[in-house]
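**Q** Here it is, the structure, as structure tokens.
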Amino acid sequence: MDRIRIVGGNPLNGVIPISGAKNAALPLMIASLLTDDTLTLENLPHLADVEQLQRILGNHGVDIAVVGRRERQDTAYARTVHFTARTIVDTTAPYELVSKMRASFWVIGPLLARMGVAKVSLPGGCAIGTRPVDLFIDGLRHLGAEINIENGYVDARAPKGLIGGRYVFPKVSVGATHVMLMAATLAKGQTVIENAAREPEVVDLANCLIAMGAKISGAGTSTITIDGVTSLSGARHRVLPDRIETGTYAMAVAMTGGDVLLENTSSSLLENALLALRRTGTEITQEEGGIRVRRNGGDILPVDVTTDPFPGFPTDLQAQFMALMSRASGVSHITETIFENRFMHVQELARLGANISLSGQTATVTGVPTLRGAPVMATDLRASVSLVIAGLAAEGETVVNRVYHLDRGFERLEEKLTNCGAVVERVSE
Ligand SMILES: CC(=O)N[C@H]1[C@@H](OP(=O)(O)OP(=O)(O)OC[C@H]2O[C@@H](n3ccc(=O)[nH]c3=O)[C@H](O)[C@@H]2O)O[C@H](CO)[C@@H](O)[C@@H]1O
Ligand SMILES: C=C(OP(=O)(O)O)C(=O)O
């Protein structure tokens, strides 16, 4: 199994191109199931999760063609890909495929809307909490679906098609909002989703669906209205920049010091996280080509954060911010409100010398002047990357094991960091 070896201590200087967002790419790819025409996605990141979803979509009958890959062009670069679901050959998403990734469960929305039937295994994903699917089921029932859960599968049926309705989410869910949005595009009549997720990835999906002919208003607010249409067409859509990758590299620069331009991204995607970062003493400016992050000397100031649905501080940046705070010149508090078990990085950061104590959903981080390299391992994607950025700032060698988590969500991580002066390499066995 591959490992990432880091020799810490170098500041980061240079340019890091930001990839298309994993969490937008996945629902956008799934939206291809809604039409027999071709959906073309540009700026699709080359990630393990994207490849896994390609396998799942292939199983349903989606033809996938990478556009214009030139000879000698590295396959690891962002690509333009055609997805054509001319015929859905299978409405079952099996355990073997779905258990590896939470988002694969979301095929339930378009399959049900287009085919009137879907049988989807209960999902897997990062080990960060129990992650039930009750809101998906409740929401789809409000659109007239009959749903049974048996033998680990969700069996959903709407033989006469879905019917628009009003659904008030009791809790904000990104995934369930994506699914309701996709399902409602082909339902009869109007659907109103209240307390919808407002994440930029929801807006990106809505924009793509609108380009495919869907009638949607209000995406990006808590109330989304969808007027069902009888069919959708193909479209061409560019995946929006990855705000979590943006924030992760911004936190890495804040931690190591240096001056990096994060290219092809926008501060409007993560204002709250950048605000917290500014308070730590990091300089952040939006420039024409992206976001410049600078810290040259000076203490890292302690800052308290609480995760919240968008536009709040993202849970997907909590672990990285904790890594940064582990080197702050004082005590900070980090509260996780989205997932009940998203502190798996705490004990691993401690191996590097971090001083963190946990009480319920709040971590108290007492900054230390120096972290020291160690072998570490994490059980989820963002926790893994928090160990990478801590390793960049630690003295000596850090080896991050189980890197398949990183490959799920960070395109060309080693290359992007090495180009900015870090000593990072992948060690294969
Ligand atoms: C592929 C993708 O986009 N993943 C993101 C998505 O995950 P995901 O869509 O799975 O996260 P949700 O927004 O659904 O989860 C938020 C909370 O709602 C709970 N919940 C959710 C659904 C449900 O039916 N019942 C229920 O109780 C979850 O357990 C969690 O506590 O949003 C999360 C929150 O921003 C991010 O951390 C993930 O990176
Ligand atoms: C938790 C994440 O992914 P998933 O929802 O696919 O587990 C993530 O992207 O941080």
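For all residues, glycine too, the Cβ spot is worked out from N, Cα and C.
Heads up, TrEMBL stuff is auto-annotated, nobody curated it.
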**Q** Taking Arg102, Arg279, Arg292, Arg372 as the options, which does TrEMBL list with Arg131, Pro132, Val133, Asp134, Leu135, Lys171, Val172, Ser173, Val174, Asp316, Ile338 at the UDP-N-acetyl-alpha-D-glucosamine site?
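**A** It is Arg102, as the record lists it for that site.
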**Q** Mind running the binding-site residues Arg102, Pro132, Asp134, Lys171, Asp316 against ligand 2 and keeping the ones whose CB falls under 6 Å of it?
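**A** Arg102, Asp316, in sequence order.
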**Q** Can you tell me the three-state DSSP label for Lys171 (UDP-N-acetyl-alpha-D-glucosamine binding site)?
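**A** DSSP assigns Lys171 (UDP-N-acetyl-alpha-D-glucosamine binding site) to coil.
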**Q** Given a 10 Å Cβ-Cβ cut-off, pick out the one of the binding-site residues Lys22, Arg102 that has the most other Cβ atoms nearby.
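**A** Selected residue: Lys22.
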**Q** Relative to the Cα of Lys22 (phosphoenolpyruvate binding site), which of the binding-site residues Pro132, Asp134, Lys171, Ser173, Asp316 has the closest Cα?
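**A** Among Pro132, Asp134, Lys171, Ser173, Asp316, Asp316.
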**Q** Rounded to an integer, what is the Cα-Cα distance in Å between Pro132 (UDP-N-acetyl-alpha-D-glucosamine binding site) and Asn23 (phosphoenolpyruvate binding site)?
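**A** Cα to Cα, Pro132 (UDP-N-acetyl-alpha-D-glucosamine binding site) and Asn23 (phosphoenolpyruvate binding site) are separated by 18 Å.
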**Q** Rounded to an integer, what is the Cα-Cα distance in Å between Asp134 (UDP-N-acetyl-alpha-D-glucosamine binding site) and Asn23 (phosphoenolpyruvate binding site)?
**A** 21
**Q** Between Asp134, Asp316, which of the binding-site residues has its C-beta surrounded by the fewest other C-beta atoms within 10 Å?
**A** Asp134
